[in-house]
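Enquirer: Okay, so Swiss-Prot annotates it like this:
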type     : residues               : note
ACT_SITE : C251                   : active site, nucleophile
ACT_SITE : H278                   : active site
ACT_SITE : D295                   : active site
BINDING  : C193, C196, C225, C228 : Zn(2+) binding site
Amino acid sequence: MVARKFVVRHEDSSFDVDYNTEDGLEVLRFLIFSLTLVPPEEQKIVAEDDNRLVSDESDLASLSERLRLVSVGEDSVENSDAEMLKSDEELARMLQAEEDAIMFQQFVAARDNGEFEGRIRPYVSQVLMYEDPVRQDAARKTVPKDELEEKALVSLAKEGNFEPSKEERDYAFLLQLLFWFKKSFRWVNEPPCDFCGNKTIGQGMGNPLTSELAYGANRVEIYRCTMCPTTTRFPRYNDPLKLVETKKGRCGEWANCFTLYCRTFGYDSRLIMDFTDHVWTECYSHSLKRWIHLDPCEGVYDKPMLYEKGWNKKLNYVIAISKDGVCDVTKRYTKKWHEVLSRRTLTTESSLQDGLRTLTRERRRSLMFESLSKLELRDRNEQEELERNLHSADNASVSLPGRQSGDREWRIMRSEFGSDENSSVSSSSCPVRKCVDDHVTNIYDSFLPILTQFVEDGLPVARTNEVLKMIKQVLVDLKNAPYKTRKARLTLDSDNSSSFPEQFLPALGDLLLALSLKSERDTNGKSVTISVDGKLTKTAIALPVALDALRELVADLSKYQNLNKDSLSFPLVKQNRVCSGSVLASGEELPSGIATAAFDGIQESKWEEPNGAKGCWIVYKTLYNQMHQLIAYELMSANDAPERDPKDWILEGSNDGGSTWCVLDKQTSQVFEERFQRKSYKITTPGFQANLFRFRFLSVRDVNSTSRLQLGSIDLYRSHQ
């Protein structure tokens, strides 16, 4: 062990770092992060004496004590000073632009006349409705809480986290609440006719009725049916109690109602008002220790650059409003502060901050000292975060879409449309993701003893399918039951065709084990109760896989005249599936179309490569770098868009870390005729052992109609070891 003291220079500051060399470079990076707030993955550390880049191979004991921290985005160490100078010049221009904008504000400030506060104060009253127990109770009753809790746990399990903390569970539940709300609430362009349901045409505004005013509908839009003489009213309700009932509206109604749901489930939440005509929600994440952007209209979370970068919005004021106060959060949503500042002409910056502080003090007047101190600390931390965010580099690898909610022509008119192809968040710089899919392999393996028992007993194919459908029905009953108390009954009778043959019960052992289920014979001996064995999340993540696999197995067996031992081979029987490795792709769609979705065994999920139509790749690395000889693989088409199916591809293997690749299989002009169609391929390359496998997809079915590639599943099968 060598104790070192480094002096790290970053921008205009120097930091002393005490460090033990045996701790490794990773610890040094985190020490530097604690001082500079530059994340470890964004650090380039340079020894100033010889201008060498510090890497894992560097001798930290003999390294120069003077280090320089530079941007990870620089092309080389040699041009770092030039890049810094360029950044300094750009910063100077931005600061000058800010000064000019502030100077301009002085001339327009006289026009304020309380306009800014007048726009904010009504929302301060509105957010207090979210604290009403009656409104919260009404909202709570409409949410399938157990279902969302289960989905939250499964989402964490897919990342390998089977024992999450409360903060992690809360954050995962919040995201599931967002996705549920996106599907439950309805966007209204023109409401359908109240009488016949046909299209309507706007006729202007009408006078609100007393019943509409009772729920804050001061504005009522009037529409005329194109097919009948009926007039349809569209009250713009502001009371979330009514919105919980109607479940429809535009961005104002969506954000208003969703923020109530967030408060109902205990999240620190605030309504975000964008003065360029949009509204959304923020919630505080205790696991991430920061406020999270949530847009219920778009179903997008933690993507604050969505509006400036994706929608091309020219932001000016973005104000957060909650029961605890009012805050200017514009800097979270822009990387062009000097441009935004030039558009902030309602009042001066100092007057704006004074006004927000006044509103905040009003809301916090009755708080106890401890609560007030916590809020003030969080406020300070947020302001520091906003300043860091303003000057941090934008992630160029993430592509943000134009607006998706609302009529196409309306979005185009507002210049928020984007493009037809770019309709979701995607990334061209994917992380290495771990495949949590050992349960998929175990489920596939568990069908062999079941089928073997059927063959040994001479069961006809028709009867085999009947028995498999009984197993499937039990799994359906379990999946539909509350996830904490899953239980189903299997009736036993060797002679009754409508009951499960008792002699086949032992053959189910491996399947139940793969699903984290247990069986217990009832006291009458005529049925078996199947229930969870305590590993609730493992059962939840595995049940959909087993159901999809059983559906496929029943469909495959229907093609057989007879079932014998020779039938129990690939592709009917899928043994020795490779699992638990890691995967890296050329691109992916966030959050649902990530690379590991191709290995999760679930038909409805898929890997999407937004720019993969004319070429993309996905690499699989085995667990612990184990060498495998691949003997077969399968690909499955996704749920929709046949034009995105892969048509030509090459499968390669490597045993030297990817320096060289051996072609294992090559396919051209492949066509998936159906959705969820599985195609099986045997590998003829003899005896090649590899721990890296790469698919290079060369083209999709119709490269002229899409830029995307999508794939429902990839399964790799190794030789028996």
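Here the Cβ of each residue, glycine as well, is placed from N, Cα and C on the backbone.
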Enquirer: Given the Zn(2+) site residues C193, C196, C225, C228, which other residues of that chain have a Cβ within 8 Å of the mean position of their Cβ atoms, reported in sequence order?
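Expert: Leaving out the recorded residues gives D194, F195, G197, N198, T200, T226, M227, P229, T230, T232.
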Enquirer: Which whole-number value in Å describes the distance between the Cα atoms of C193 (Zn(2+) binding site) and C251 (active site, nucleophile)?
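Expert: The separation of the Cα atoms works out to 21 Å.
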Enquirer: Looking at the recorded positions C196, C225, C228, H278, D295, which has the shortest Cα distance to C251 (active site, nucleophile)?
Expert: H278
Enquirer: List, in sequence order, the same-chain residues at least six positions removed whose CB sits under 8 Å from that of C228 (Zn(2+) binding site)?
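Expert: Those within reach of C228 (Zn(2+) binding site), by Cβ under 8 Å and sequence separation of 6 or more, are C193, F195, C196, N198.
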Enquirer: Name, in the order they occur in the sequence, the residues of the same chain whose CB lies under 8 A from the CB of C225 (Zn(2+) binding site) and which sit 6 or more residues away.
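Expert: The answer is C193, F195, C196, N198, K199, T200, T231, T232.
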Enquirer: Using a Cβ-Cβ cut-off under 8 angstroms and a sequence gap of six or more, which residues of the chain neighbour H278 (active site)?
Expert: C251, Y307, K313
Enquirer: Here the recorded positions are C193, C196, C251; which one has the lowest number of other Cβ atoms no more than 10 Å from its Cβ?
Expert: C196
Enquirer: Sequence gap of 6 or more, Cβ distance under 8 Å: name the residues on the same chain that satisfy this around D295 (active site), in order along the sequence.
Expert: W280, T281, Y301, K303, L306
Enquirer: Can you tell me whether DSSP puts C193 (Zn(2+) binding site) in helix, strand or coil?
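Expert: In three-state terms, C193 (Zn(2+) binding site) counts as coil.
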